[in-house]
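Inspection log for the structure reproduced underneath, given as structure tokens.
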């Protein structure tokens with residue numbers, strides 16, 4: 001939006017992120033289960049365990065597909081497929097357990113090798129795009145996952161036992177998803193309103209900028225010429241005046257020329273959306289009345305370590321503050337360079353400058369804040385300035401492009 | 001651009017957010033849902049811990065350690081929640097490190113509290129709460145940090161489960177299986193949290209870039225509209241009187257006495273039009289009464305103006321608002337500058353509840369914002385810390 005806020009208004013990013021989280025969760029639980037049951041193949045001598053592992057693989061693919069699809073119908077079908085894969089696994093593992101240990105000594109239906117893959121299927125609903133869909137999918141998963149597993153285990157002769165951790169996990173997931181959705185609904189309402197307001201703010205600012213530019217142009221050209229005409233003695237007009245009139249009439253015939261040029265363009269911070277560090281310092285400086293030009297390979301700044309980036313931000317801010325306070329100029333330039341293994345930033349102005357060697361208290365901020373901040377990162381600072389020739393501060397910090 | 005249909009011209013795979021950033025850095029409003037999620041996770045963890053401590057009391061070998069574990073757990077989540085609701089610092093790297101340390105201590109104490117008498121490692125709530133804390137931290141911290149904590153948690157859980165194997169009664173279950181069962185939740189939720197943080201950050205960052213492109217398009221379209229609507233020519237008598245006058249002079253190439261008088265008259269009128277062409281402050285359009293004697297409004301930071309505009313729009317749209325009572329006052333004191341929004345309602349508490357998300361949003365964007373109900377009036381107070389000179 002206008003501001004430095006991005007927003008996941010439609011929830012797509014959140015949904016995609018939840019799908020990734022759910023996929024990892026499912027894959028880890030299924031992989032851990034598969035590893036453990038694989039270890040039982042040589043112990044029990046039962047090669048049909050491989051069929052059970054194939055069921056786990058089907059479950060894994062189906063859970064990931066259910067998390068990633070945007071269609072509720074497909075999500076339901078994938079969930080059922082995941083449940084069937086899990087049932088196949090349970091059929092084999094429960095059968096092996098009962099055959100190996102006997103009905104009396106065999107573990108109950110809540111034993112860890114059955115409950116661990118059940119956690120995987122419970123997450124199928126977390127990435128759905130509405131709370132109702134999410135709860136429907138999660139409940140369906142409880143029925144076709146743990147529900148079917150219990151049925152299969154009982155059919156294989158295993159003693160039934162309520163799987164408390166699995167039921168508690170389902171309940172916890174319901175609570176998590178509900179909390180997330182309630183919070184999201186509240187945030188989305190605020191975000192949408194913020195976006196509208198931010199855009200209105202942008203429109204207002206642009207309108208003000210165009211109007212100010214138009215008024216300034218009229219003042220500099222047409223008004224000046226009218227004043228000159230009012231002060232000119234009657235008689236033939238001179239060539240210079242005729243040229244001025246030609247220019248005014250041409251511009252008034254095509255006013256797009258009036259609204260072109262760098263001063264009417266967007267602020268520097270707008271083109272820096274991909275470099276948050278520079279956005280914040282440039283916006284703050286622009287807010288204080290400076291005009292900033294940013295050049296070079298700006299995105300390399302994103303590769304600077306977070307702690308160093310904070311110091312660099314502080315140093316650039318201080319440099320711009322010095323331009324505003326002492327240079328006598330409102331224009332400043334930030335140039336960014338990369339030369340392995342360092343990122344360099346130069347802040348310069350064409351202002352009054354100062355004698356670096358004989359500088360007094362007014363440059364304490366520049367010396368202390370900038371130098372200390374950059375040296376702390378393991379970088380270096382060079383300050384070039386002479387009275388009347390402007391100032392350039394060249395800062396180097398460790399960092400590599402990403 | 002419609003606010004509800006953000007552009008998607010920036011493909012997800014092509015962007016990489018700056019190092020050390022989290023999704024909340026770009027989308028602070030998402031903190032509302034992240035905090036709600038955290039509270040539920042904390043509640044689930046505490047309830048599970050207490051319930052499991054009670055139901056597996058027979059396995060507890062040291063009650064001081066078991067109680068200490070619960071205290072450390074409560075302290076960890078307490079600090080986590082407090083940090084998440086701190087509008088200035090938030091869940092910083094250091095603060096989450098403290099949270100994790102407290103939860104790790106809770107896990108260790110919980111585990112040691114049943115050393116020698118533990119029947120099932122999977123009953124130990126410490127492993128679960130550590131894993132859930134990583135999940136709750138996903139919106140607040142970076143994927144790299146979560147990866148580090150997942151690694152530490154995995155190592156910790158491995159050591160604790162091995163400890164139980166050696167100190168507990170003999171079990172026929174292989175050690176590797178016990179360790180794998182114990183480690184799986186932490187690894188699953190930790191990797192899930194990492195994936196969540198990474199994908200959400202990439203999505204929000206791509207959204208930010210897409211919105212920047214959309215803003216440029218809006219700016220260009222608005223400039224074209226200004227040109228098409230002849231925004232320049234509509235300044236005073238410019239188009240209707242000045243242009244014909246200048247064109248006639250250009251054709252004639254000669255100035256008469258009447259032309260001089262006409263030029264002087266047009267100069268005065270055009271100068272007045274230029275002086276009066278400053279646009280009105282659109283924030284004033286949102287309220288019934290707008291007081292800004294120090295003209296602070298136009299010097300306010302764009303972000304602050306947009307935040308206030310959003311709150312005003314919400315109040316304006318509320319059917320609970322008493323018509324004609326919405327006031328925005330911007331004031332300059334000796335040392336500070338601040339603003340007050342006032343709005344009356346017959347049911348002021350319901351009005352407050354209705355706009356509560358926006359009050360929270362104000363607190364996110366303007367750290368000093370606060371609200372108060374006085375009689376039938378809702379008062380929102382905020383400091384103006386970012387003003388152009």
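All residue numbers here begin at 1 and follow the chain in the order shown.
Backbone N, Cα and C define each Cβ position, glycine as well.
Among the features that TrEMBL reports, domain 'Histidine kinase/HSP90-like ATPase' is placed at A:308-398. Summarised by DSSP class, the composition of the domain 'Histidine kinase/HSP90-like ATPase' (A:308-398) is 36 helix, 31 strand, 24 coil.
What TrEMBL records for A:21-43 (among others) is transmembrane segment.
Outside the transmembrane segment (A:49-68) by six or more residues, the chain places 18-19, 22-23, 26-27, 30, 33-34, 37-38, 40-41, 74-75, 78-79, 81-93, 96, 117, 120-121, 123-124, 126-127, 137 with a CB less than 8 A from a CB of the stretch. Taken from TrEMBL, the feature transmembrane segment covers A:49-68 (among others).
TrEMBL lists A:75-99 (among others) with the feature transmembrane segment. Beyond the ends of the transmembrane segment (A:75-99), by six or more residues, the same chain brings 33, 37, 40, 44, 46, 48-49, 51-60, 62-63, 65-66, 69, 106-107, 109, 111, 113-114, 117-118, 121, 124-125, 128, 133, 137, 140-141, 143-145, 148-149, 151-153, 155-158 to within a C-beta distance below 8 angstroms of the stretch.
The feature transmembrane segment is assigned by TrEMBL to A:111-128 (among others).
Taken from TrEMBL, the feature transmembrane segment applies to A:135-154 (among others). Using a Cβ-Cβ cut-off under 8 Å and counting only residues 6 or more beyond its ends in the same chain, the transmembrane segment (A:135-154) has close neighbours at 66, 72, 75-76, 79-80, 82-84, 86-87, 90-91, 94, 109, 114-115, 118, 121-126, 128, 160, 163, 166-167, 170, 173-174, 177-178.
With a cut-off of 8 Å between Cβ atoms, the residues of this chain six or more beyond the transmembrane segment (A:160-182) that come close are 108-110, 114-115, 118-119, 122-123, 125-126, 130-131, 134-135, 138, 142, 146, 150, 153-154. Marked as transmembrane segment by TrEMBL: A:160-182 (among others).
Taken as a whole, the domain 'Histidine kinase/HSP90-like ATPase' (A:308-398) shows an average pLDDT of 85 in this prediction.
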